[in-house]
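J.: Please read through the structure below; I'll follow up with questions.
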Amino acid sequence: TAGYEDEPSHTVTTVIVPHNAKSGQLVNYLAYIDSNGAQCAPSYSMRQGSKFLNDDLLNYQQLLFSTFLNEGWILTIPDYQGPQRAFAAGRLEGRMSLDGIRAALNFGEIGLEKNTSVVTYGYSGGAIASGWTAALQASYAPEINAIGFAMGGTPANVTSTVQSLDKGVFSGLCVAGITGIIYAYQVVQDWFQNHLYPKGNDAIEYARSHCITDIFSRYPFSHVFSDDFFRNGSSILYDPTIQSVISDIVLGLKESETPKAPVYMFHSQHDEIVPFSDARKTSHNWAKHGADVFFQEFSDLPIGHALSEITNIPNSLFFVRDRFAGKPFPKGYTRKVTGNGLEEPNASLAGLGELVRAIQDIQGREVGPADSELKQFILDRN
């Protein structure tokens with residue numbers, strides 16, 4: 001694959017072929033890694049035989065992962081952060097994702113044809129990769145038969161995302177995001193060498209060797225953008241050197257980076273981790289530039305960032321099913337507001353009862369209203 005400046009690079013993608021595999025259908029599954037430790041990448045955590053992503057906080061990803069496999073879809077699961085473990089470096093992640101698809105299509109033992117239909121899915125940090133896969137596919141990998149892109153809880157603007165997280169219970173994501181950008185861009189790495197205080201340097205080093213649960217638990221309610229961590233910490237995001245990089249990884253700004261295949265986006269209006277307004281703005285920009293976008297909003301107050309994906313698993317499943325079935329997709333821009341994903345009539349279809357019960361179990365036992373159980377889990381570990 002290639003780095004941000006077109007330098008040669010490399011990464012790994014893990015391909016899973018279910019026993020009931022359907023030929024000609026590939027799902028590019030972009031797990032939310034949201035961290036910088038090498039052991040957090042899917043190829044490492046899955047090879048170790050651990051629970052998916054080897055992280056207690058993220059284990060419920062297995063539910064959607066298993067649902068896709070049960071459909072008979074072959075999955076390619078790339079380590080899209082690359083050897084730099086560059087979390088939040090969207091353009092880099094998009095390239096790694098697309099080259100992972102190429103690798104799967106070119107690996108003869110899997111038996112996929114070059115014109116295999118591909119649908120991409122990603123949530124949260126995985127939606128950064130999914131969004132940039134959609135944005136870059138037409139220019140970077142036009143030969144891929146991309147027929148749909150799904151993404152939810154999308155951090156479309158890294159700057160506003162980390163600003164909203166600073167000093168909150170999930171402020172560890174600020175540390176992980178900064179660390180990813182530092183190691184993706186040499187110019188940023190050079191700049192930070194002169195701006196890191198000991199506490200900031202310790203945080204970067206910690207993030208480089210840990211997964212997201214540990215990072216969350218070590219840095220809740222931290223004022224990351226402060227002089228405790230960095231010289232002129234409150235203004236580093238506005239420094240010209242940093243601005244030149246982060247302003248170039250805002251999804252939806254360039255008309256030339258408009259997805260050519262249908263886009264399904266979903267987001268809670270009350271998302272406490274990723275700003276809702278940024279994702280909606282990206283959806284509008286893409287539609288304005290000619291993309292077909294279906295944007296689904298969840299209005300229920302208890303539906304926070306984690307519950308958005310969990311309760312929307314049936315709709316994500318239907319989107320992928322419909323793309324492979326060649327069903328029509330609404331043209332232009334479509335907005336739909338529901339309380340949560342399980343309110344959709346199709347969620348109660350025959351055959352989905354067990355899935356819905358599993359979702360409701362996780363919703364109440366592991367996540368809680370407004371992600372309250374997740375927040376308490378982080379604080380209990382601190």
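Cβ atoms here come from the backbone N, Cα and C positions, even for glycine.
OK, Swiss-Prot features for this one:
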{"type": "ACT_SITE", "residues": "Ser124", "note": "active site, nucleophile"}
{"type": "ACT_SITE", "residues": "Asp271", "note": "active site"}
{"type": "ACT_SITE", "residues": "His305", "note": "active site"}
{"type": "DISULFID", "residues": "Cys40-Cys211", "note": "disulfide bond"}
{"type": "CARBOHYD", "residues": "Asn115", "note": "N-linked glycosylation site"}
{"type": "CARBOHYD", "residues": "Asn157", "note": "N-linked glycosylation site"}
{"type": "CARBOHYD", "residues": "Asn232", "note": "N-linked glycosylation site"}
{"type": "CARBOHYD", "residues": "Asn346", "note": "N-linked glycosylation site"}
J.: Cβ distance under 8 Å to Asn157 (N-linked glycosylation site), same chain, sequence separation 6 or more: which residues?
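T.: Same-chain residues close to Asn157 (N-linked glycosylation site) (Cβ under 8 Å, separated by 6 or more) are Val250, Leu251, Pro275, Asp278, Lys281.
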J.: Among the recorded positions listed here (Asn115, Ser124, Cys211, Asn346), which has the Cα closest to the Cα of His305 (active site)?
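T.: The answer is Ser124.
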J.: Does Asp271 (active site) have same-chain partners at least 6 apart in sequence with Cβ under 8 Å from its own Cβ, and which are they?
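T.: Within the chain, Asp271 (active site) has Cβ neighbours under 8 Å at Gly153, Gly304, His305, Ser308.
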J.: Select one residue from Cys40, Cys211: among these disulfide-bonded residues, choose the one with the most other Cβ atoms within 10 Å of its Cβ.
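T.: Answer by Cβ density within 10 Å: Cys40.
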J.: Select one residue from Asn115, Ser124, Asn232, Asn346: among these recorded positions, choose the one with the most other Cβ atoms within 10 Å of its Cβ.
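T.: Answer by Cβ density within 10 Å: Ser124.
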J.: Around the Cβ of His305 (active site), how many other Cβ atoms lie within 10 Å? Please give the count over every shown protein chain.
T.: 22
J.: Measuring Cα to Cα, how many angstrom lie between Asn232 (N-linked glycosylation site) and Asn346 (N-linked glycosylation site)?
T.: 52
J.: Round to the nearest Å and give the CA-to-CA distance linking Cys40 (disulfide bond) with Ser124 (active site, nucleophile).
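T.: Between the Cα atoms of Cys40 (disulfide bond) and Ser124 (active site, nucleophile), the distance comes to 15 Å.
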J.: Between Cys211 (disulfide bond) and Asn115 (N-linked glycosylation site), what C-alpha distance do you get in Å?
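T.: Here the two Cα atoms are 36 Å apart.
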